[in-house]
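Visitor: Straight from TrEMBL, here's the annotation block:
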- 428-555: domain 'GGDEF' (DOMAIN)
- 12-31: transmembrane segment (TRANSMEM)
- 188-209: transmembrane segment (TRANSMEM)
- 216-233: transmembrane segment (TRANSMEM)
- 245-265: transmembrane segment (TRANSMEM)
- 277-295: transmembrane segment (TRANSMEM)
- 307-326: transmembrane segment (TRANSMEM)
- 338-358: transmembrane segment (TRANSMEM)
- 364-388: transmembrane segment (TRANSMEM)
Amino acid sequence: MGTMNNLDVERVIYNIIVVICFLFVANLFMYNVNEIYQTPSGSISLKDNWSFSREGETVYSGPSNTVILMDDREKFPSGLYSLTNDFLYFGDYQDPVLVIPAMEGNGVRIFINDRTLAVYGDMERGRSSRWNTSHVVRIPEEILQRGRNRIRLDVLSLYKLGIHSTPYITDIRSHGYKLFALQFFSNYSILLIIGNIIALGFILILMGVRIGREGLSKTFLGIGLFVLAAYMLDYQYIELLPVDYVLFKKIIVSFSFISPVFVLAGINIHMKNKIDIPGIISMALFGGAALYILTCPPDSIQHEIRYGRVNWVYAFILLDSIWLYLSQWEKKTNLVMLAGLTFTGVIMVHDIGAYHSFGESILFFHYGVNFFIISLTLTVVGDSLNFYSALKEERKKVELAMRKTMIDALTGAFNRRVLQNIENLYCEYFSLLLIDLDHFKNINDNYGHFCGDRILKEVVQVCLQLIRDEDYCIRLGGDEFVIFLPHCREEGALVIADELKTRINDIVINNDRERVSFSCSIGVSEHEGQSISEALKVADKALYRAKITRDSISL
């Protein structure tokens, strides 16, 4: 059995730290969210003494933190229910509001002392999704009376009835921040999550399409995120659905099983370049669960029963991800996956207990699944960024090595090898300046090659100062240079040539107390649809004409 090296020990420590941190983060998250839903101090709690009735018959009496599912859900009668509670008010609030943090029902009409306060959802056909939504309703001063008051909630419920979290009456001036946090978390944070998921999905699909077959994993992940965003609509308040509520629930809930199919495919292909047996089993289970939901009879009770039977398959996305993580645990980017596994695992344990206890506890499953799927996605994005960063660095090294082979060692200008690169550039039209230093051989003979080298360097510096970033200064050999001017007409080339000749003529080299100056001849030519080799021949003829008189420019 091999021993662990220092690097492995360091990675194990990192993994332990991530697990501990996200155990803490998950518990802190759930504690704070639960705290948001609790009744604040100084408020009138409406927890006890509720009466639920249907068609005049009482079906439940007791505390509010109950969801009536019945022992046999198939016998739950859908319809209009009346939920009533009597409470005492002593006129202590300047700006009283009724707060309903969470309750089941497709539509609700709120009364206090038989006066209508508000209506939410579709009270006619139940075509609304509002179960996850909190409501904060201002109570006009004339409605509340000192002493005993009665609140009545007329709730249209298709398959589930009850109150998840205790309603209360409070003064908005005393607890404005908490009420804002409650409404933001339950009503608006979902929209932010949906927006972020869609944006991330779009980026991944765009990356996948641009890369081609190599980007298949990113395309799958992007599609999975889009489907997940659609599923999150189930948690957003939609006052009037375009389709029947049961059909909406079937489609939306099936998305929660379809999304992991694409996510698992993407993460398996990314990490293993294939979908292994555990991945295939997990994907088949999720696909089967989605089909089971979609083929449910058009009955809201049956839909709820079927969902309860198959939601255990979500554990398989965790199990498959644990398998993938353990196979490549040493990669730093997989720490993000580990964070998602830890956070979601804690939430799943909490929700399983809360689901079976039917107590007053908020369920966090949708946040856990979102966090986990996004953590898988970020793992892939992190790997991709690392890969592209390494590839970019490698390309830089290659380009630098190639560039060195194309640079003239003496002057710093490009050498003839760069002409092949220029040949491959698409350029609709361009101009060439072919430059030759007059009597340069005599300068070398009279003042030495060291002086000649200094002249060549000075000429290149003048050229580089004058031309644009996209232009090329190339030393063809000896004292002959060519300036390549892409997208430059003859008129512009002549202006540059004239300025270049003036500046070169102004160059003075001090050589052993002697001042050496010189001139140049320039051939100018414009080209459209010609190769560089053909263009050089034309420019060479123009240079030949300029050299007849020396110190001149010729077309």
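Going from the start of the chain as shown, residues are counted 1 onward.
Cβ coordinates are placed from backbone N, Cα and C, and glycine is handled just like the others.
Keep in mind that TrEMBL annotations are predicted by a computer and have not been checked by a curator.
How about a rundown of where these features are and what they're close to?
Guide: Long-range contacts of the transmembrane segment (12-31) within its own chain (CB-CB distance under 8 A, at least 6 residues past either end) are made by residues 4, 329, 332, 335, 338-339, 342-343, 346-347, 350, 362, 364, 367.
Nonlocal intrachain contacts for the transmembrane segment (245-265), taken as residues 6+ away from its ends with a CB within less than 8 angstroms of a stretch CB, comprise 106, 125-129, 158, 217, 220-221, 223-225, 227-228, 230-231, 233-234, 275, 279, 282-283, 286-287, 289-291, 293-294, 296, 298-300, 303, 307, 310, 313-314, 317, 320, 369, 373, 376-377.
Here the transmembrane segment (364-388) has long-range neighbours at 29-30, 33, 193, 196-197, 200, 203-204, 207, 217-218, 221, 224-225, 228, 232, 235, 256, 259-260, 263, 266-267, 270, 314, 317-318, 321, 331, 333-334, 336-337, 339-341, 343-344, 347-348, 350-351, meaning same-chain residues at least 6 beyond its ends whose C-beta is under 8 angstroms from one of its own.
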Visitor: Under DSSP, the domain 'GGDEF' (428-555) has how many residues in helix, strand and coil?
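Guide: Across the domain 'GGDEF' (428-555), DSSP assigns the residues as follows: 60 helix, 39 strand, 29 coil.
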Visitor: Can you name the far-off residues of the same chain, 6+ from the ends of the transmembrane segment (277-295), with a Cβ under 8 Å from a Cβ of it?
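Guide: Residues 250-251, 253-255, 257-258, 260-261, 264-265, 268, 303, 306-307, 309-311, 313, 316-317, 319-320, 323-324 contact the transmembrane segment (277-295) from elsewhere in the chain.
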